[in-house]
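*Asks:* Sharing a structure below in structure tokens format, with a few things to ask.
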Amino acid sequence: MTAPSLSPVTATNLIKNLCRQRSFAVARRLFVEMPHRDVVSWTAMISGYASNGCHEDALATFCRMIASGVSPNRYTISSVLTSCRGLQSCCAGVAVHGMAVRWGIDNGAYVDNVLLDLYASFGCIGDAEAVFKNMTDRTVVSWTTMIAGYTRIGHGYTGLLLFKQMIQECTELNAFTCSIAIHACSSIGCATIGQQLHALALKTRHDSSLPVANSLLNMYSRCMNISEAKKFFHEMPRKDLITWNAMIASLERSNSHEALLLFLEMGSQNMQPTSFTFSSVVAACANLAILNCGRQVHGAAIRRDHQRNLQVANALIDMYAKCGSIGNSRKVFDEITEKDLVTWTSLVIGCGMNGYGAEATEIFHEMISSGVQPDQVLLMSVISACSHAGLVDQGLRYFSLMDIQYNVPPNREIYGCVVDLLARAGRITEAYQMIETMPFEPDETIWGALLGACKMHKNVYFGRLAAQKIFDMWPNESKTYVLLSNIYAAGRAWGDFAEMRRCLREQGNKKEVGMSWIEVRDEVRGFASGDRSSSPHIVLVYQTLEELIQQMNQDGCESDSHWVLHDFSGVT
């Protein structure tokens, strides 16, 4: 049957059905054979393309329609605007909007809601607001689109105010809108508003919706109410992958050991982990620095073919580096075909933290040669690697080229890295001059870097100056008193040393105890600075330390012990 033998209405309905079945070639041939194509038949073809993701075909058909002299209607415009959003073309959307205004068909629920979604998705919140204010018939879709738009650009509080206005105007609340409002609350980290939204979800019985429940779980996690998040998680009658992933990711940030236990429980529930799951679990292994566990998780990711996922690979690079296995980090790195900036940064940081400064700079140059543009985090990582490896001149050269060659202005943290670079190398005066001339107000971190170097190099003058700056900002910082007193002791300024210890005693503060963790036979063991407990592991540590000191003495080395004599873990 051909188009000329069909009535226009029958042919148009047939085109719609063919498009629903994705038989676009047949629908297109039938459409072309139609002797008379009105706005309805054109719209059927355009809508068929748009609703099935063939956005370029939809836009091209619309252009041919305009060229043929047929004027669109509101349904045509809404379909074309949907395709403009699908093509991520704001310019095309603005042009179509202009045409709709010219033809006087720029209003009505169909057009208004698509326009809202278009402008909000591109972050053009001012244009979205203009459309929203001019709407005569706001539906729950309109409100939800605006709330989501505000949240997407980081204006979660404004989105919540709009949500409140929506409730006051008695607009019907659905589960999707409730979920979006909870997400807006998560973005601003306000637990109080989150609890109110939870109560509203209970009142409207939308808490039974799994997307709403997942949003509530994420909200409690983002608001750092982990105990409430865990309670809510265990009380949820239904859980999906999003639920498990959200809880594991939350625990990875707060309690990595629990994150690993929950991952095991997830497996016992026959839930298949995703790439997101593995990236969170690998990060938990990195936080705990448990290499054997990290290797097992890596093996599980390989068995499920998730090791090719870029986020998982980046997490593996970081995990191996934090566990001291930089060779495995490099192996994972070399196996990645499509590297992003995070990939390069992870390996540079890993090399730096393990003392491979020269390798870190080589990787940096390799990255530049591959055409990847560095950012502030990467450049700070390179300078930090140079600092720990004693590559002072090289680190200073990277700093001088930031603005000129890499078009990355140095921030306060990078200036702090350069101060640390100079101070560690004993160039204390240059480090102080850098602090004095930097375009930012130095914070306690920058002064702390100088103070730590003064301890290392026994520089009493600048140590006193740096400590005073920190005291001005944090008068009760016990670590500063301890560092300064040790500097006085190293310089044999015993009167000043005694004064610092007296001040520390009067405040009743204690220096935070230093901790170290090592993995022994698949178990993580912690050691505190100055720990003299009767634990057999502690005894073994001190026995090994004595053997090392004896070996050093035999080799003609002298142990620098005067820091141990004065750096007490507490003052009574």
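Backbone N, Cα and C define each Cβ position, glycine as well.
Relevant sequence annotations retrieved from TrEMBL are reproduced here:
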type	residues	note
REPEAT	38-72	repeat 'PPR'
REPEAT	209-243	repeat 'PPR'
REPEAT	340-374	repeat 'PPR'
*Asks:* Just to be sure I understand, if DSSP states are collapsed into helix, strand and coil, how many residues of the repeat 'PPR' (38-72) fall in each?
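*Replies:* Summed by class, the stretch gives 26 helix, 0 strand, 9 coil.
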*Asks:* Counting by DSSP secondary structure, give me helix, strand and coil numbers for the repeat 'PPR' (209-243).
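*Replies:* Per-class counts: 26 helix, 0 strand, 9 coil.
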*Asks:* Could you tell me the mean pLDDT the prediction assigns to the repeat 'PPR' (340-374)?
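*Replies:* Averaged over the repeat 'PPR' (340-374), per-residue pLDDT gives 94.
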*Asks:* I'd like the per-state residue tally for the repeat 'PPR' (340-374) from DSSP, helix first, then strand, then coil.
*Replies:* 26 helix, 0 strand, 9 coil
